[in-house]
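Participant: Before I ask anything, let me first share the structure, which is written out below as structure tokens.
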Amino acid sequence: MLEGAKSIGAGAATIASAGAAIGIGNVLSSSIHSVARNPSLAKQSFGYAILGFALTEAIASFAPMMAFLISSVIPIKESKKEG
């Protein structure tokens, strides 16, 4: 039973990958819109976009790490049954 709970926890931790994909899409969309509105700030906007990508990918890299920790490193303590 506890093994199943660990699998559910690891699966829930990887949902953050979907959130990271949405975040990267938002960063790219905002970058394109800002360059379209003000082309003279394209270099500055590109720098901010790269920073946004890096921060979003940092969150995305934590998700598989947490899933690995939940599924294989955290030990299961079996409860002793009375009787």
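The backbone N, Cα and C atoms fix where each Cβ goes, and this holds for glycine too.
Relevant sequence annotations retrieved from Swiss-Prot are reproduced here:
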SITE      Glu57  site 'Reversibly protonated during proton transport'
TRANSMEM  8-28  transmembrane segment
TRANSMEM  45-72  transmembrane segment
Participant: DSSP three-state call for Glu57 (site 'Reversibly protonated during proton transport'): helix, strand or coil?
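Facilitator: DSSP assigns Glu57 (site 'Reversibly protonated during proton transport') to helix.
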Participant: Which residues of the same chain, at least 6 positions away in sequence, have a Cβ lying under 8 Å from the Cβ of Glu57 (site 'Reversibly protonated during proton transport')?
Facilitator: Ala20, Ile24
